[in-house]
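Enquirer: One structure, pasted below without further comment.
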Amino acid sequence: MYGLTRSLLFQLSAERAHRLGMAGLHYLGRSRDLCESLREKALEGAPPGLAVEVAGLRFAHPVALAAGLDKDAEAVDGLFACGFSAVEIGTLTPRPQPGNPSPRLFRLPEHRALINRMGFNNHGATQAAARLRMQTWRPGPLGVNIGKNKDTPLEQAVDDYVACVDALAPLGDYVVVNASSPNTPGLRKLQEPEQLGQLLGAVQERLATVAPGKPLFLKIAPDLSPEAVDEVVDVARAQKLAGLIATNTTVARPFEHPLAKEAGGLSGAPVREPANAVIRRAWLRSGGALPIIGVGGVFTAQDVYEKLRAGASVVQVYTGFIYEGPGMVGNILPTLATLLARDGYKQVRDVIGAEHRKPGAPN
């Protein structure tokens, strides 16, 4: 069914199709009964062994939605109806901003990929907070992904993140510092150890005041060198973060394509292995002590399974959802359960980081 819908949507520009899809999910969310029914159907193939706990949050299964799809918390209920164990909104900034000029979103179907240079387009933290206050149904964790406004000087970026914490942290279940988007000039410099430590320290300090105990995650780029990943992990642990989200989009172009010259972040299948490499490195650096939410190139249960084995505790999707449609979660879960059983794992937590364990070691 979605194949036909996708064919029609793919006749439109990528951004117009996105707006139509979000509008549909928004209107779906107006019917609580329908949302609950659809979610129940999507989770039929999710046995209890698929549940996992990260930073004190319970995920019904390890397949969650990444930030970027619902920037303004307009379709949270409709997205939960699709079966996601968690939904992450944003990236949100203190003040509304239009983002970069269009066209700014491009499909590359033959590579199962997207290129975007959206530029943190959003209605601002205050408006998103108002929507979250009206929410009455939350069957799983809701994450709030925050960033800085484009016109905020880098040396004042901390103020923007703290302002977002004030507005949004009490309303979400976890907070994500996005310091890795390639579409806000200079933003990735915040991943450098000294600046990152200052930023995370300030955010943690404010969180302790406005939302004590709220888990804080950091979203990082797939383009970091192995040594840079080590530095980020060390800073994250020093600042007592709940975990990392690995990874954002890449500026690399590992193929020839007419659209490859377009500026922006590449997501989808080409990011799968670079993201997995960052997950492995981060897991090894922390000895498995720092939880990781893996994202990048997830389309199938096998993709989810590989990220879990590499060290992720939860796996997020975005581009895969665009290509696979609203039935994606329901299609993945039964096969994921089969993969776990095939390899002798009774629970998701048993397979996390499994590829790093020596043969014969206990699960």
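From the backbone N, Cα and C atoms, a Cβ is placed for every residue, glycine too.
Taken from Swiss-Prot, the feature FMN binding site applies to A67, G68, L69, D70, K71, T91, N145, N178, K219, T247, G268, G297, Y318, T319. Annotation comment: Swiss-Prot describes K71, N116, R117, M118, G119, F120, N178, N183, N248, T249 as substrate binding site, evidence class sequence analysis. Annotation source Swiss-Prot lists active site, nucleophile at S181.
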Enquirer: DSSP secondary structure for L69 (FMN binding site), reduced to helix/strand/coil, please.
Expert: coil
Enquirer: Taking the residues A67, G68, L69, D70, K71, T91, N145, N178, K219, T247, G268, G297, Y318, T319 listed for FMN, what is the greatest CA to CA distance in Å, to the nearest whole number?
Expert: 20
Enquirer: Of all the binding-site residues here, K71, R117, K219, which one's CB has the most other CB atoms within 10 A?
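Expert: Top count of Cβ atoms within 10 Å goes to K219.
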Enquirer: What does DSSP assign N248 (substrate binding site), in three states?
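Expert: Assignment for N248 (substrate binding site) reads coil.
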Enquirer: Take the mean position of the Cβ atoms of K71, N116, R117, M118, G119, F120, N178, N183, N248, T249, the recorded substrate site. Which other residues of that chain put their Cβ within 8 Å of it?
Expert: G68, T91, G99, S181, P182, T184, G264, G265
Enquirer: Using all protein chains in view, find how many other C-beta atoms are within 10 Å of the C-beta of G119 (substrate binding site).
Expert: 19
Enquirer: On the Cα atoms of K71, N116, R117, M118, G119, F120, N178, N183, N248, T249, which are listed as binding substrate, what is the maximum pairwise distance in Å?
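Expert: So the maximum pairwise Cα distance among the substrate binders is 16 Å.
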Enquirer: Indicate the candidate from N145, N248 with the smallest number of other Cβ atoms within 10 Å of its Cβ, considering only these binding-site residues.
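Expert: Each of the binding-site residues N145, N248 was scored by Cβ atoms within 10 Å; lowest is N145.
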Enquirer: Under DSSP, is Y318 (FMN binding site) helix, strand or coil?
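Expert: The three-state answer is coil.
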